[in-house]
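**Student:** Quick one: the structure is below, and I'll ask about it shortly.
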Amino acid sequence: MSSLQWYYSHKIIILTSLLVVSLPAVIAGACTCNDESEHRSKSEALKYKLSAIGAVLVSGGIGVSIPLLGRKIEALRPENDIFFIIKAFAAGVILATGFIHILPEAFDTLTSPCLSHNPWGKFPFAGFVAMVASIGTLMVDTIATSFYKKMHFNNIKQVNVDEEASDEHAGHVHIHTHATHGHAHGAAIPDNESGVLDLVRQRIISQVLELGIVVHSVVIGISLGASDSPDTVKTLLAALSCHQFFEGMGLGGCISQAKFKSLTTTVMTLFFSFTTPVGIAIGIGISNVYEENSPTALVVEGILNSASSGILIYMALVDLLAADFMNPRMQSNVRLQLGANISLLLGAGCMSFLAKWA
């Protein structure tokens, strides 16, 4: 289990580090489509940007921490019905983020008049990249789960072989004892294996989900930080604060179910909380050379947003909603089904409304 979290944690950190280092360099370029009518004031916008760093950091931290309080607050533990309700709301938020907020923005970016018609106007690159990202997420999900499942079974087989060899050397009396123990193990192992595999699955889900959220958070943070329009920054400040809060709840629910050790949980929580503020800080630092309508900036932002939307849509539908809504516990409880469906619609509706202002 430690090798799994080590692998995915480092994978996320490496990918995000590359993104943070390379993005400012490739998005600088000559602007050809600026809107000169928009009010711009660097000094006034900077005040709102600094406020945004604090507001987004606090709201994201609170959002991701609420589900994690289940370790101390019994009502918020994963085995309780209220957790299904909260997770359905958060999944609705993530689903609407992908469909309503990020994907349309990616389509607008990659079909901008600032880009040449050939090839950007002749092919729906945003939808294509989102589709490829979803398929890629499925492949990572399947391969990682299969790999750790085989590794777990191989460990069990090795333990059983060692036990049998030990009993054979112990004599007839111990052989009889082993037979009894073997019978007992046969009844207990399936439950244990099922629990371990479910834990592996939850850890993979939480790591991949955080990757998708982090990519988008860096991009939108840089966009806010690089803007010199006070009106734009004020609008994004309010929208992003709510956005990070709800998105954090979805991620926090997955981290809670994954049952990571305290150190890993803390690292993942801080990593999510600081990603957008770091993106804003980078945007402030490169605001003198960043041109949001330059062809290079549009292509990079559009492709990253498309990939992020594909990851989030897959995770919300397959790993969050399908897994919970097909759970025997929910299938046998009509009240829980009704509550989860209402919560899902509320979450999707809230984020769809916020997307209008983001």
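Using N, Cα and C of the backbone, Cβ positions are placed for all residues, glycine too.
From TrEMBL, for reference:
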{"type": "SIGNAL", "residues": "1-29", "note": "signal peptide"}
{"type": "TRANSMEM", "residues": "52-70", "note": "transmembrane segment"}
{"type": "TRANSMEM", "residues": "82-103", "note": "transmembrane segment"}
{"type": "TRANSMEM", "residues": "123-148", "note": "transmembrane segment"}
{"type": "TRANSMEM", "residues": "267-290", "note": "transmembrane segment"}
{"type": "TRANSMEM", "residues": "302-322", "note": "transmembrane segment"}
{"type": "TRANSMEM", "residues": "334-355", "note": "transmembrane segment"}
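Provide an account of the burial state, proximal residues and distances for the features listed.
**Tutor:** Sequence-distant neighbours of the transmembrane segment (52-70) (same chain, 6+ residues past either end, Cβ-Cβ under 8 Å): 76-78, 83, 86-87, 90, 221, 224, 233, 236-237, 240-242, 244-249, 251-253, 255-256, 265, 269, 272-274, 276-277, 280-281.
Residues of the same chain lying 6 or more positions beyond the ends of the transmembrane segment (82-103) and with a Cβ under 8 Å from any Cβ of it are 66-67, 70, 75-76, 126-127, 130, 209, 213, 216, 243, 246-247, 249-253, 256, 305-306, 308-313, 315-317, 320-321, 324, 327, 329-330, 336, 339-341, 343-352, 354-355, 358.
Beyond the ends of the transmembrane segment (267-290), by six or more residues, the same chain brings 9, 12-13, 16, 20, 23-24, 27-28, 42, 46, 49, 52-54, 56-57, 60-61, 64-65, 68, 206, 210, 213-214, 217-228, 240, 244, 248, 251-252, 255, 260, 297 to within a C-beta distance below 8 angstroms of the stretch.
Here the transmembrane segment (302-322) has long-range neighbours at 19, 23, 87-88, 90-92, 94-95, 97-99, 102-103, 105-106, 109-110, 125-134, 136-138, 141, 205, 208-209, 211-213, 215-216, 219, 250, 254, 344, meaning same-chain residues at least 6 beyond its ends whose C-beta is under 8 angstroms from one of its own.
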**Student:** Are there residues at least 6 beyond the ends of the transmembrane segment (123-148) whose Cβ is under 8 Å from a Cβ of it, and what are they?
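**Tutor:** Contacts with the transmembrane segment (123-148): 4, 8, 103, 106-107, 109-111, 197, 200-201, 204-205, 208, 212, 302-303, 305-311, 313-315, 318-319.
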